[in-house]
Amino acid sequence: MTSPSHASDRGGGDGDSVENQSPELRKDPVTNRWVIFSPARAKRPTDFKSKSPQNPNPKPSSCPFCIGREQECAPELFRVPDHDPNWKLRVIENLYPALSRNLETQSTQPETGTSRTIVGFGFHDVVIESPVHSIQLSDIDPVGIGDILIAYKKRINQIAQHDSINYIQVFKNQGASAGASMSHSHSQMMALPVVPPTVSSRLDGTKDYFEETGKCCLCEAKSKHFVIDESSHFVSVAPFAATYPFEIWIIPKDHSSHFHHLDDVKAVDLGGLLKLMLQKIAKQLNDPPYNYMIHTSPLKVTESQLPYTHWFLQIVPQLSGVGGFEIGTGCYINPVFPEDVAKVMREVSLT
């Protein structure tokens, strides 16, 4: 990876207008993707605001995720606390799953190098993050968010017992334009029989960087110019070649390739930093819809086999759409440099 350039090096110091900042292409070794930074196409970093309305909250009486309406949901997998009618969170099957958990016996057919179809076996679950309809994830305290993260871990460990599953994606869609069909705060997990191509590309990119430098590029991503905040065990950064404006990554300080190795103490610590980032995003960007994704490693590869990669949590505020150029090339245009994002977000005060 090319060494991150500072604002002063690219003619975009604090005193320069956006129009005077030169465009720049950066390649991200993690995603293996080129990004065009073109500040002249946009406004000042501090002027970014969401114009997308959150999806309207239905009345609690019509929401099956609210406490007391459990019978309207798909089957429950577990709740926290266990067997408690006054639950704090529930993990349930998705009522409209993208994959079927009932096809496992058919999924044992061997996949060959020429296979173009395999049976659609997998798991698609929903994590209901609060019993109260009006509470969003950023309203929950760090311990409560830690409980949600540990619920992800517990469910990953359960699903990992199925030999046909190779990768599990944890993700959250907050707001209608971010893909949420329910306004009650929730996240989702999808367990796949294949390793998705973006995951393979991420592993290849981080491996190439490691072989070239002897270092993990995600460990290297924590340069001070890109750091927003940090906790005891995690650091939040605006990544060097951010695909999206105001994209944020939360990275463990210790090298770790699999999210489900997270312990209880680190879960609470991560919960605090995730809460802080969501609160800062909401304040600075006018409470935009957002997605977060946990990027981890395939289940069947051990920690010792992956000295070159690192799990992380990616937050993407929905501030701009994807056009024909991005779809056609896989190369994205970002109107704000991550150094500027980091500076703006560091200075956001919640008091």
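Any Cβ shown, glycine's included, is placed from N, Cα and C.
Together with Cys216, Cys219, His310, the Zn(2+) 2 site in Swiss-Prot holds one more listed residue from His255, His258, His260, His261, which is His255. Take the Zn(2+) 1 site that Swiss-Prot assigns to Cys63, Cys66, His184: the candidate from His133, His225, His233 listed for it is His133. For His186 (active site, tele-AMP-histidine intermediate) paired with Cys219 (Zn(2+) 2 binding site), the C-alpha to C-alpha distance reads 30 Å. Contacts of Phe325 (ADP-alpha-D-glucose binding site) defined by a Cβ separation under 8 A and a same-chain sequence distance of 6+ are given as Cys331, Ile333, in order along the sequence. Here Cys219 (Zn(2+) 2 binding site) is positioned 35 angstrom away from His184 (Zn(2+) 1 binding site), judged by their C-alpha atoms.
Across the fold, the C-alpha of Met182 (ADP-alpha-D-glucose binding site) and the C-alpha of Cys63 (Zn(2+) 1 binding site) stand 8 Å from each other.
In this structure the alpha carbons, written CA, of Cys66 (Zn(2+) 1 binding site) and Ala74 (ADP-alpha-D-glucose binding site) are 13 Å apart. Between the listed recorded positions, namely His133, His184, His186, His310, the fewest other CB atoms within 10 angstroms of a CB are found at His133.
Cβ neighbours of Cys219 (Zn(2+) 2 binding site) (same chain, under 8 Å, six or more residues apart in sequence): His255, His310.
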